[in-house]
Amino acid sequence: MAVREILKMGDARLLRVAQPVVNFDTDELHLLVTDLLDTMHAAHGAGLAAPQIGVDLRVVIFGSGQLNPRYPDAPVVPRTVLCNPVITPLSDEEEQDWEGCLSVPGMRGVVPRWRRIRYQGVDQYGDAIDRTVEGFHARVVQHECDHLDGKLYPMRVRDFTRFGYTEVLFPGLDPKADD
Ligand code: NI
């Protein structure tokens, strides 16, 4: 287990379209998942994608199974390891809400996302995941899966009057909750 360095926006490795996972239940994949979990927990993140630690594979993790102190008003999202995800929006309805990203530390922005989605994929053992979700859960999944296609949330911001430094936008916020 290891806490890995999180790449920051500007690093070309965050812009790649990541490769599909081919082999499941391997030592290599389990080690990657452990590193992602350790790194996400150390950074108090809501999710993390393999490209953020420089690994060019379509693997994301998200959720905690309990309330995240960085998002105290957010509903509980089950801890999930998701490989080779496919997202299908279930309506045209979008929702705007604040996001941050461990690769864009100290900033927040309002990002439009599909309100309701179905996501499919497999876990690290190759077992199928197929869920229909909405709201915060749907937002987290879309944010993490964007990382697999080289997209960071600032690339989706439409209204730059609602994008900036967390300490300025939310002066009362815990400074540790800065990304
Ligand atoms: Ni992110």
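Easy rule for this one: first residue shown is 1, then count along the chain.
Positions of Cβ are set from backbone N, Cα and C atoms, glycine also.
Marked as Fe cation binding site by TrEMBL: C101, H143, H147. The feature active site is assigned by TrEMBL to E144.
Where TrEMBL records a feature, it is marked here on the structure.
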residue	record	contacts (Cβ under 8 Å, 6+ apart)
H143	Fe cation binding site	G47, E99, C101, V111, R113, Y153
E144	active site	G47, L48, A49, V60, I61, F62, L82
H147	Fe cation binding site	L14, A18, A49, P51, Q52, V60, S103
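A Cβ within 8 Å of the Cβ centre of C101, H143, H147, the residues given for Fe cation, is found for these other residues of the same chain: G47, A49, Q52, E99, L102, S103, E144, D146, K151, L152, Y153. According to DSSP, the residue listed as 'active site' is assigned to a helical segment. Of all Cβ atoms in the protein chains displayed, 28 besides its own lie within 10 Å of the Cβ of C101 (Fe cation binding site).
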